[in-house]
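Here's what TrEMBL has on this protein:
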TRANSMEM  A:21-44  transmembrane segment
DOMAIN    A:30-475  domain 'DUF112'
TRANSMEM  A:50-67  transmembrane segment
TRANSMEM  A:74-96  transmembrane segment
TRANSMEM  A:140-158  transmembrane segment
TRANSMEM  A:165-198  transmembrane segment
TRANSMEM  A:218-238  transmembrane segment
REGION    A:243-262  region 'Disordered'
TRANSMEM  A:349-367  transmembrane segment
TRANSMEM  A:387-408  transmembrane segment
TRANSMEM  A:447-463  transmembrane segment
TRANSMEM  A:470-487  transmembrane segment
TRANSMEM  A:499-519  transmembrane segment
Amino acid sequence: MDLLFQYIGLGISSVFQGPEGGLWLLPVGMVLIGVLIGIIIGAVPGMSGPFAMAIALPILVSIFGYGNEALYPVLGCLLGIMKGATVGGAVPAILFRTPGTPDAFLTTLDGYPMAQKGLGRKAIQTAHFSSVLGDNFSDLVLFIAAPAIALAVERILGLPEKSALIILSLCFMAAVVGQAPLKGLLGGLLGMFVSLIGSSMSGNGPRLTFGLPELGNGLPLTSAVLGVLVISEVLVSIEDMRNDRSSQAEGPAKRPEMGPRLTWGERARMLPAILRGASIGTVIGALPGIGTTTAATLSYDSARRASKHPEEFGKGTPEGVVATESANSAVSGANLIPVMSLGIPGNSAAVFIILAVETIGDFAFGPQVFQFTPIREVEGFDTIMNAGLVTAFGMFTMMVIANVWNWTLGGMLMGLLGHLVKIPKSIILPVILTVSLTAAYTQDGGYLGLLTAAIFSLIGYGLRRLDVSILPFVIGFLLAPTLEGLVRGAFTASGGDPFFLLKSPIALGMLAVSAFLLIRMVRQARRA
Amino acid sequence: MSSRPAEDQADIRQGGSWNLWLGLGTLAFVALCLTVWFPRDIGSGFLQKNLTGRTVPGDAFFPVLLVGLMVPLAVLLVLSQLRPRAGSSGEPVGHIGLSNLGFLGQIILLTGASLMAMNWAGTGLVALTNAVGLTEFSGYRAASATFPFDVSGFFAGGVLLTCGFIRITCHRLSLRHVLVAVAVVAVLVLLFDGLLNDIQLPPNADL
């Protein structure tokens, strides 16, 4: 226990202590900037947390560089954006029935009618209270679950089991994301394949480069993810707007009466419902691939079934706002559970957190992070400890700081954000495109980065238009190097046994579940 | 991140043959990889002997496993389309039609034209200022660290790109739109060229 507290103490102090040992407020400031950006971006229709994180990452790397000391400022800003965006999306949803972020869509069902009844302020404060409390709850679960899962994984799972776990995660993600799981899984394999371009595992030179020396260091990671995840989405939206002339004339409705404030008594009565929504959001968020919309939908349905007045749902009951906001915000902390404990990203926001860690410094997510190595000072050398664990607790500290900013600034800002809905999506999308392409050029080696972003955006466009979910492709792209290392290691350790993945009962069990998911996908495909 | 238009939902059913094309395309891709691409572009084989004589995976090991796993999935996709259950039409799939290809052509042209503007505006500006006697640069490379020449290409191409896409989304281009584009690109110039060191805007990293 002493060791745990020692590491927690080191983690907290690492956020406030600069590389030279003096007081360092840069990470705290960057968390604040991130939260502000997140809240504002969340309130702009057409934007979302992952969009802002995608654009911010290359800019942050340009500012802070690739060294270890850049990790906290960059991660602080990204975590702040992720958390701030969960709060901001509710404001236009409540005041104008225009959700700032997709997960705030269900908030419109009861938030907007509340605002129309003259209870706009109460609805916004309900959304803020539920959202931040739900987020805090899932953070607490993350702080406890991530180390526990990581320790269990590191103790129980060897190379074949870890390989099987990644295969299972990919199958699970393909099965639950989108309507076309077979194509989702094919997309995941394609993503893995593409990430092998330019890499080498046995010192025989880069592979699959078509003889182009520019590809010798592999594809630029950030540009590729920016292209497939963000630019392709922007292109699809731009094309939809190009084909749809009717929505142009429609402007936002007039801002409704704000009405009375939310009382402390009302807040106290909401706590059980918030706890239920946050629990649903946390469980859903911890599973890879299942997003905020599913969490909000399940929570809304569950709240309606549990309510004494289910008929009031959809007509402006605060219970509806509590259910959706507590659940969709709880996803943001919980989706870091698989990231921090296993190194497996579960949603778009987590992808950019992983990307930041892979781009900057030498810290890497995975079960090895949570090894509680005894802290020993070796005379004349240095202190021996697990620096990754200190960084992990530093990340947790920054998440707590982001929560504090969300409680204080979030509450103040939310009432002022209504006018952001007037920023037209038709202007925002081209601006995002220009900024994204510029960021790809500046961070990833000039036209190579730009070309990579462009090609991957076309791949993403094609996948989206064919209804193949993007997430397995991106996750496959990011996980391929890890999976290849594990599979090669397991094969070598088995002495070249072709059935190396089937020798362990745990790996066999995981592969059996993967096979079951595959059979389910095929049956689903034949029934569709 | 964005909602799907209603017409696309209808396309899901119409685009069933895409499953077939995707499955067959994947099988063709796998065949191409195994017979042409991998043998020519991967330095070591599926397995190799290391210095101690132990059999270890070569660089082709994982790529072959990956494309190998694609085969059953592609076959299942084709079969689910060819032999669906009664009343079903195979796995849901969208559609890419001529209209989509037209849109892609439009944005590729627009982006290409903007990149051309980025590449040549700086050179043009240097030639112009040399011609009127304001400067005596030997070429754009010599001026590429001097304001405003260093950002002129990005400024021209960036404004063209932003205006072009605003024209597509708004179906018109007003003076306000152009001012928004100018302001956005000016902010990017200020951020990347003014505030950050060692960052090069297009096309300066590729001279």
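Note that Cβ sites are derived from N, Cα and C of the backbone, with glycine treated the same way.
Just so you know, TrEMBL annotations are computer predictions that nobody has curated.
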_Interface-richest range of A:140-158, A:447-463, A:499-519 toward the transmembrane segment (A:218-238), CB pairs under 8 Å_ = A:447-463
_Should anything in the same chain at least six residues away from the transmembrane segment (A:447-463) have a Cβ under 8 Å from its Cβ atoms, list it; otherwise answer none._
187, 214, 219-220, 222-229, 231-233, 235-236, 436-437, 440-441, 469-470, 473
*Any chance you could find the range in A:74-96, A:140-158, A:165-198, A:349-367, A:470-487 with the most Cβ pairs under 8 Å to the transmembrane segment (A:50-67)?*
A:349-367
*Per Cβ pairs under 8 Å, the stretch of A:74-96, A:140-158, A:165-198, A:470-487, A:499-519 packing most closely against the transmembrane segment (A:349-367)*: A:74-96
_I need to check the long-range neighbours of the transmembrane segment (A:470-487): which residues 6 or more away from its ends have a CB within less than 8 Å of a CB in the stretch?_
159, 162-163, 166-167, 169-170, 173-174, 177, 184-185, 187-196, 199, 201, 221, 224-225, 228-229, 232, 288-289, 343-345, 347-348, 351, 354-355, 358, 366, 459-460, 463-464, 501
*Recorded stretch that, among A:74-96, A:140-158, A:499-519, has the most CB pairs under 8 Å to the transmembrane segment (A:165-198)*: A:499-519
_Overall pLDDT of the domain 'DUF112' (A:30-475), taken as the mean_ = 88
